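Read the structure below first, then the notes.
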Amino acid sequence: MIISKSFKAPLKFSVKSSTAPVISNHPPMENHPKRQRTTRLAARNLKRKLSHNTDGAPIVTQLIDIDDEPIDLVVAIRRHVEVLNSSFSDPDFDHEAVKEAAADIADLAKIDENVEIIVENGAIPALVRYLESPLVVCGNVPKSCEHKLEKDCALALGLIAAIQPGYQQLIVDAGAIVPTVKLLKRRGECGECMFANAVIRRAADIITNIAHDNPRIKTNIRVEGGIAPLVELLNFPDVKVQRAAAGALRTVSFRNDENKSQIVELNALPTLVLMLQSQDSTVHGEAIGAIGNLVHSSPDIKKEVIRAGALQPVIGLLSSTCLETQREAALLIGQFAAPDSDCKVHIAQRGAITPLIKMLESSDEQVVEMSAFALGRLAQDAHNQAGIAHRGGIISLLNLLDVKTGSVQHNAAFALYGLADNEENVADFIKAGGIQKLQDDNFTVQPTRDCVVRTLKRLQNKIHGPVLNQLLYLMRTAEKTVQIRIALALAHLCDPKDGKLIFIDNNGVEFLLELLYFSSNKQQRYSSSALYELAKKATSFAPEDSAPCSPTQQVFLGEKFVNNPTMSDVTFLIDGKQFYAHKIGLVASSDIFRAMFDGLYKERNAQNVEIPNIRWEVFELMMKFIYSGRINIAKHLAKDLLVAADQYLLEGLKRQCEYTIAQEICLDNIPEMYELADTFNASALRRACTLFVLEHFTKLSSQLWFAKFVKQIIPEIRSYMTDILTRPVEASPPTVV
């Protein structure tokens, strides 16, 4: 199972990572969001563009104006490096000049564009050499404490390492790890020096920045003994040092199991848990980031963290004013609530659900993503499912489906999938318009679509018994908007055997038709889709979608007698041509022919009967049908043959003509087809047109004539739906989710 975790950002960065989400395969639709870089030092990055000098002079001006003479920046940096190097070869070096050079390079390094020049001019080796302890004995007299010099060198190295991985390696190759670890261990020495704590803090920052996203350097830090002093510094009196140590542990623990194990073995967890309760957002922010990285892909450490009492403080941080802390807390809650965890209910009981739902409305998209992730995990418990829905979680999660970011959509969809497992939530889903939202299909990745499909199937399997009764009650008593949403949802979700109960007995069809008649184009599309789905469910196939059966008349003389003078007792005249026929077959086929030859009409005793207004080839096909009960209807003759079949009341032939014509219905001819069906009372063709309109409503809605046409056919839609819903329907088998 792949879960990306947060990592400690180097000092340089102030922009959050935008790595694409990774969607795991367990649970099958759950997105495991990536931990983002900390923004603890984002403000510091912005300050680099400003002056850090206490006297207010602009940094660049101060650095490049030496002895009141402007000089080139490269030359200035080169001079500073030369001064730093001179102390190692000149016993009479100017100590103050060295301190000033280190401070100037540190200030220059605060501007990203300067770092490359600093590196190219050999500053890294010189800076690393000054990381040694200032308490070096010269003869029998110790040198004075020079913590500011060390602090500035450490600060410069940390800023340089933050720029690119190549600089990290240059610093390590210059031998920085060992002296940096020694600085971390300098606890209690020269406590009276004002910069002593700052040196330790900047040393921790070096660890943070050289180890960032560099597995080999993380391992080197552990091998050189760097983890133990960092753990000890978590209890340092200076809060800034605590924070820096937690940040360094956060970095070195990311995706490094050996480092994680050592941190836990050194008993860092209790102190990190205490730091979660700090009122300083920068402190609890680093602590929760470190804990998150320790927990990542480490079930045993996760249990240790919970046993150390982290659960309640983490839940409390969901209400932090720091967005990054909220995000980290939500992600950690999601990890605590993993599928194999038994503390989902405990998390809810301790008050996590309400702040998580509130976080769904955050302006920070990553906070939203992590809170949806946590709710998705918590929603795997039945009691939590009801609690999340009761606190308004369904509506907030549905709204997230409109967000275009794939990971946010997917986490929201997965949470909704969990909530749909509880029968108590079905009505809330539908009342909130959730079915329409799920069916809008505005999803950016296929796994989210798959998740939504399964959610709809899960809801569909619950539309029976008490759930159906509750929805029917609401459809009778609730406000009109809710009634319509229920009708729309049930059209897609109900069992066909309940169609009459819902849509005829409880007026569901009328709600859908009202929406089709009066509403906006979007609502009309919802209605047409619901009616089309309902029609498909109510019949295994529509009449126009299958060829009709042969007619049930008793006498078929056979095709060999078509236009055969043998035993012919009547001759039809069509287009001046003679067509030989037999009254016995004609009378048996149609009431019109029966009245013509058995009634009081003049044709009864006539030998020749003229047939006007019909073409020979059409009449011949009609006779073939009468004599044999079957014909192949050419598409170009179908309409004329339909007219003839209607005129002579040949219902079997008429049905076959309607079937043939229905195959030619398209977006361009639907008005003409419907008019043809209406003119000749071709009910099957008319219903084929109706079904086509419902199926292709969205495409047709752009036509200027369509709005009027829809209102014209609503009576036919009502008649059609009433007819098919009152037929006996076999129950559909349940869908397994």
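From the backbone N, Cα and C atoms, a Cβ is placed for every residue, glycine too.
Residues or ranges marked as domain 'BTB' by Swiss-Prot on the basis of sequence analysis: 568-635.
The repeat 'ARM 1' annotation in Swiss-Prot covers 112-154.
The repeat 'ARM 2' annotation in Swiss-Prot covers 165-212.
Averaged over the repeat 'ARM 3' (215-254), the predicted model reaches a pLDDT of 97. The repeat 'ARM 3' feature in Swiss-Prot is assigned to 215-254.
If you look up Swiss-Prot, you'll see 257-296 marked as repeat 'ARM 4'.
The list of residues near the repeat 'ARM 5' (299-338) in space but at least 6 beyond its ends in sequence, with Cβ under 8 angstroms from a Cβ of it, reads 3, 5-6, 33, 35-36, 38-40, 260, 264, 269-270, 273, 276-277, 281, 284-285, 288-289, 291-292, 344, 346-347, 350-352, 355-356, 359, 362, 364, 366-367, 369-371, 373-374, 376-378, 380. Sequence annotations record features per position, and here Swiss-Prot assigns repeat 'ARM 5' to 299-338.
Taken from Swiss-Prot, the feature repeat 'ARM 6' applies to 341-380.
Sequence annotations record features per position, and here Swiss-Prot assigns repeat 'ARM 7' to 382-421.
The repeat 'ARM 8' annotation in Swiss-Prot covers 456-495. When DSSP labels each residue, the repeat 'ARM 8' (456-495) comes out as 32 helix, 0 strand, 8 coil, counted as helix, strand and coil in that order.
Among the features that Swiss-Prot reports, repeat 'ARM 9' is placed at 497-536.
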**Q.** Folded-back contacts onto the repeat 'ARM 8' (456-495), same chain, C-beta under 8 angstroms, at least six residues removed
**A.** 417, 420-421, 423, 426-427, 429-433, 435-436, 438-439, 501-503, 506-509, 511-512, 514-515, 526-527, 529-531, 533-534, 537, 731-732, 734-735, 737
Q: Could you pull out which residues elsewhere in the chain have a CB under 8 Å from any CB of the repeat 'ARM 7' (382-421), counting only those six or more residues past its ends?
A: 20-21, 23, 27, 29-31, 33, 344-345, 348, 353-354, 357, 360-361, 365, 368-369, 372-373, 375-376, 428-429, 432-434, 437-438, 440, 442-445, 447-448, 451-452, 454-455, 458-459
(Q) How about long-range neighbours of the repeat 'ARM 4' (257-296): same chain, 6 or more residues beyond its ends, C-beta under 8 Å? (A) 3, 5-8, 35, 38, 40, 218-219, 221-222, 227-228, 231, 234-235, 239, 242-243, 246-247, 249-250, 302, 304-305, 308-310, 313-314, 316-317, 320-322, 324-325, 328-329, 331-332, 335-336
